[in-house]
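Visitor: The N-acetylalanine annotation in Swiss-Prot covers Ala2 and rests on similarity to another entry. Swiss-Prot lists 3-134 with the feature domain 'ADF-H', giving sequence analysis as the kind of evidence. What Swiss-Prot lists as phosphoserine is Ser142, Ser241, Ser342, Ser383, Ser385, Ser391, Ser467, Ser659 (among others). Residues or ranges marked as region 'Disordered' in Swiss-Prot: 209-438, 452-497, 531-557, 582-609, 630-707. The annotation compositional bias 'Basic and acidic residues' is assigned in Swiss-Prot to 209-236, 288-298, 428-438. Taken from Swiss-Prot, the feature compositional bias 'Low complexity' applies to 329-343. Sequence annotations record features per position, and here Swiss-Prot assigns compositional bias 'Polar residues' to 355-364, 380-395, 639-652. Swiss-Prot lists Thr377, Thr392, Thr549 (among others) with the feature phosphothreonine. Summarising the annotation, Swiss-Prot assigns compositional bias 'Pro residues' to 409-420. Taken from Swiss-Prot, the feature compositional bias 'Acidic residues' applies to 695-707.
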Amino acid sequence: MAGVSFSGHRLELLAAYEEVIREESAADWALYTYEDGSDDLKLAASGEGGLQELSGHFENQKVMYGFCSVKDSQAALPKYVLINWVGEDVPDARKCACASHVAKVAEFFQGVDVIVNASSVEDIDAGAIGQRLSNGLARLSSPVLHRLRLREDENAEPVGTTYQKTDAAVEMKRINREQFWEQAKKEEELRKEEERKKALDARLRFEQERMEQERQEQEERERRYREREQQIEEHRRKQQSLEAEEAKRRLKDQSIFGDQRDEEEESQMKKSESEVEEAAAIIAQRPDNPREFFRQQERVASASGGSCDAPSPFNHRPGRPYCPFIKASDSGPSSSSSSSSSPPRTPFPYITCHRTPNLSSSLPCSHLDSHRRMAPTPIPTRSPSDSSTASTPITEQIERALDEVTSSQPPPPPPPPPPAQEAQESAPRLDGEEVCKEAKVAAAPQVWAGCAEEPPRAQEPPLLQSSPTEDLMCTESPEQAVLAASPEPDASVTSVADAHAADTIETTTATTATTIADNVTPAAASLIDLWPGNGEEASTPQAEPRVPTPPSGAEASLAEVPLLNEAAQEPLPPVGEGCANLLNFDELPEPPATFCDPEEEAEGEPLAASQVLTMPSALEEVDQVLEQELEPEPHLLTNGETTQKEGTQQASEGYFSQSQEEEFAQSEEPCAKAPPPVFYNKPPEIDITCWDADPVPEEEEGFEGGD
């Protein structure tokens with residue numbers, strides 16, 4: 001069964017209801033009814049006349065609902081009455097269907113104080129409705145409801161009660177029980193609160209412990225990290241200290257080694273200086289000149305071998321001084337004396353040190369006296385404390401000596417003379433060969449016999465003035481060879497080529513040229529006296545011998561390197577009767593201690609220093625000699641194994657000219673001034689070596705065997 005519906009006209013229903021309940025509104029009633037054939041409630045009418053006007057609008061054929069506001073005089077507020085109108089002509093089915101709608105309609109219209117059921121106008125009484133509103137029976141004002149109430153009152157029973165007498169024990173138990181549970185509840189709540197607090201405290205304590213543990217772990221890590229850093233720093237400091245100590249030790253070792261090296265170098269320098277000083281002292285103190293012996297042996301060998309066998313002194317090989325008794329590949333067949341002698345052990349055959357043999361015993365005293373008188377100057381003694389000798393190494397001294405020797409150069413040679421002069425030389429050479437062959441036949445005891453027979457000669461003027469560099473082995477210019485060869489008799493012509501390389505070792509070019517003019521005549525006279533067997537030949541005038549012509553581009557000949565501090569000028573070997581008393585080079589006996597008395601040697605020093613010629617006269621003599629030269633491009637045997645020309649040799653001499661000139665500038669003051677030095681760009685080809693031991697030990701054995 002369907003219920004009443006308010007949805008279709010809900011706004012109209014509520015608007016009419018609001019008009020009734022609002023005090024400001026004039027309307028005080030509203031009538032609602034169903035739509036035709038449906039249960040939808042709608043507004044039928046509204047007005048301001050109260051219950052009387054409302055009762056006039058009810059219809060007998062419809063079910064209607066009236067809502068009215070009734071004002072009571074005793075009440076301040078109005079009352080609201082809901083009238084349920086069921087007309088007499090309404091079907092019963094409709095009445096039964098709408099009976100259940102009253103409660104929903106009263107609920108929809110809130111504030112209904114009294115519900116009045118009416119089917120006619122007489123049921124709508126204003127006095128009855130007001131009475132009911134005043135005593136509270138307004139609900140029962142309906143006759144139907146009144147009858148129903150009366151029927152209920154008749155059937156009602158007496159009302160019972162639940163009251164009981166209060167029992168103190170029971171009441172106390174009940175109260176105690178309630179208090180107990182309340183206390184238990186409170187205790188439980190307190191316990192739970194304590195447990196919560198304990199859990200919170202435990203959690204806080206755990207957090208604190210965890211934080212403390214983390215802090216301790218962090219501190220421990222930091223401590224270990226600091227310890228590790230300290231260890232690393234200590235290790236680094238130790239490593240740095242070790243490195244510093246190692247560096248100091250290395251520096252100390254290096255300094256020690258450096259000091260040792262410096263000490264060794266200093267000791268080596270002192271040793272070399274002491275050797276130089278010792279050698280200089282020995283050279284300065286010796287009264288004889290060992291090189292004289294070898295020069296005389298060369299002359300003897302060249303004289304014994306003949307002029308055809310003697311190699312020209314200008315047919316040389318560079319780097320090696322000329323020596324007739326040294327067999328060379330480019331020289332002619334050697335003589336018997338030179339073939340039997342052994343070559344020198346050093347590349348400098350003329351350089352000797354402390355063991356220089358004293359070979360004066362191989363010659364008679366007469367020859368020794370003639371050598372001493374013909375020597376230009378004695379050996380200049382140089383103090384071992386001389387700074388130029390003691391503090392300078394051997395190589396520098398040799399170089400300076402070479403520079404001093406080559407500081408002066410001769411003028412260029414004139415063109416060679418006509419070949420007519422060659423014929424003049426052939427006869428003296430043949431005579432010299434015969435005389436030297438006779439010298440081989442002479443016995444050894446005759447050497448010492450001549451010493452007693454030959455008286456010393458008084459103050460014969462020396463040929464040449466020596467210079468401080470006479471110990472150096474050098475080769476003179478062609479005019480020096482002529483100076484040594486021109487005063488000799490016919491027998492000396494055979495060795496003029498050899499004398500060109502050997503007789504001029506101790507003198508420079510300028511010194512020889514200046515002393516040549518004044519010494520030719522006295523030297524010739526003294527040589528004539530020395531050769532008694534050839535007096536007739538010496539009395540006759542003799543043409544000047546032929547001198548080899550140097551190359552056109554050369555200005556001076558090669559200088560052979562001699563020892564330092566030797567100053568004796570080599571005289572020509574006598575080839576007269578004394579040649580028979582001379583022994584062969586292989587048959588010479590052991591030489592005596594000295595060549596001659598040092599007193600006699602010292603007597604010739606002032607004469608040698610005083611006899612110095614002027615430059616113009618020396619140059620004129622040199623020009624006359626050079627005009628007679630015929631041989632083309634001679635060569636000299638030098639310290640090497642190959643030949644070199646005089647131009648190259650001259651360049652080698654000029655290479656050392658500057659330093660030698662500076663060192664020996666003061667020593668050249670007593671000598672004649674030389675031409676200015678000539679410098680060359682080509683380095684020297686002379687093999688300069690340090691002082692060596694005795695270069696001819698095998699020849700000494702040969703001398704002993706000859707005895």
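Cβ atoms are placed via backbone N, Cα and C, with glycine included.
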Visitor: Determine the Cβ neighbour count for Ser241 (phosphoserine): the number of other Cβ atoms within 10 Å of its Cβ.
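Guide: I get 10 for this one.
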Visitor: Going by DSSP assignments with H, G and I as helix and E and B as strand, what are the residue counts for the domain 'ADF-H' (3-134)?
Guide: 43 helix, 36 strand, 53 coil
Visitor: Mean pLDDT for the domain 'ADF-H' (3-134), as a whole number?
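Guide: So the average pLDDT across the domain 'ADF-H' (3-134) works out to 86.
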